[in-house]
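Swiss-Prot lists Ser50, Lys53, His135, Lys155, Tyr164 with the feature CTP binding site, giving sequence analysis as the kind of evidence. Look at Swiss-Prot and you will find Ser50, Lys53, His135, Lys155, Tyr164 tagged as ATP binding site. Per Swiss-Prot, Mg(2+) binding site is recorded for Asp61, Asp63, Asp112, and the stated evidence type is sequence analysis.
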Amino acid sequence: MIDYQEVLSRYRPTQEEENKLKIISDDIIRKINSICRSRGLRAEAVIVGSYAKGTNLRDGDLDIFIAFDRDYPEEIINTEGLHIGHAVIPNGREKYAEHPYVSGEIGGVKIDVVPCYKMSFGDKKISAVDRTLLHTEYVNGHLDEKGRDEVRLLKIFTKSIGVYGAEARTFGFSGYLCELLVIRFGSFENVIRYFSKAKGRVLIDLDERFRDPMVLIDPVDPDRNVASPVSLESLSRMKIASKMFLSSPDEGFFQIEHNGKNVQYHDRGTCIMIYSLPKPDLTDDVIYPQVYRFRSVLQKIMESHEIRVISSEIDVSDRIYVLIETPACAEERIRVHTGPPVDTDNAVDFVNSWKARDRSRGPYIVADRLYVDVFTGQRSIEDIVRQEIFNYSIGKNLDRFKKSMEIMKFNVGMKSLPVLDKFFGADVFRK
């Protein structure tokens, strides 16, 4: 049996931390409201997020929105939002989502100050962040203290297995989705039982408009699927982890701080190349789609030379790392060039075009199609990538780093890298 109270005692904020968060948030709200009055703005500060809903874990963040009257132009709330954010967060940094906002720390607590429009139930949203105000109201109206702790357990569980967070880094379960799941199913264990039995797409709400792997409609916005960020891989991880937990409950499923197992690098008899770029100072939701694109371009280059990609991995830490595993570190000396079917009009032209060209053999026929075996020059993968990467865009913020791309060939004795740890330490889930 799992002692859930013991788990909660490790991760639920202490009274001292709650007092600190209240002092900081009250002070920021007071300052924001004072600035709004002095500048004649019809706006007010609102605390949102997990702290406002009482589902926060230790060392959490504070999300404070500046809710403007709905008749303000977007340029005004963007400009004023940044001005106010910088005024209340010394040394805060500007970040960009749907609206620009200010992020920083006060007293060791990470704080985001975000502008939005006021919104009531039934109002049409002006920007996507506006509905966050209603999320707080909805959750607080549907969770009691026990329910809040059930949400905390679900958050701890999803963090432990590596599927917490809707950001592009994870494509997993947002905090709001965890809250809605507990509201829908009643408890942490009921949620786990549901996922342990789920097969195929998880359609908690039936809505043919959405084709995502998981669908749960936002109760404050019927046109939004809260579960849309959940990838098929994250959903699969949740399913198998739920099955394993129910079959053998273990406190390892509630261990957020993973010490990391001792990953042993070993020779797989393949070629493992690591492509590295400098990391721009961007939010995860901006940088990760470009990292995925970078990986996709590398795979496309391999495939264009008939080099089979066995596996891949990415990591974004001090730099951007993309690992690509192939059978060998160079293209095959002979490549099969596919020609047209013999009954097409250009079949004879294809045969004649190869009469005077260097080739290993052919043209020859297999079934109804012509082929030629050609010499490739057997270039190394590194040479191929360095030459052909410039034929593709890898993202508007990464393209400028192509010339400075570093390429490393894996060997067992090389220094430890997070991308190698992830690759060699791949498991059903982190535990």
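Every residue, even glycine, has its Cβ placed from backbone N, Cα and C.
What Swiss-Prot annotates, mapped onto the structure for a quick look.
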residue : record              : Cβ contacts under 8 Å, 6 or more apart
Ser50   : CTP binding site    : Asn56, Leu57, Gly60, Gly175
Lys53   : CTP binding site    : Thr136, Val139, Asn140, Leu143, Arg148, Glu179
Asp61   : Mg(2+) binding site : Gly49, Tyr51, Val109, Lys110, Ile111, Asp112
Asp63   : Mg(2+) binding site : Ile47, Val48, Gly49, Tyr51, Ala52, Ile111, Asp112, Val114, Thr132
His135  : CTP binding site    : Val48, Tyr176, Val220
Lys155  : CTP binding site    : Thr55, Leu57, Tyr164, Gly175, Cys178
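The least crowded of the binding-site residues Asp112, Tyr164, judged by other CB atoms within 10 A of its own CB, is Asp112. Other than the site residues Asp61, Asp63, Asp112, same-chain residues with C-beta atoms no more than 8 angstroms from the centre of those residues' C-beta atoms, the Mg(2+) site, are Gly49, Leu62, Ile64, Ser103, Lys110, Ile111, Val114. A strand conformation is recorded for Asp112 (Mg(2+) binding site) in the three-state DSSP classification.
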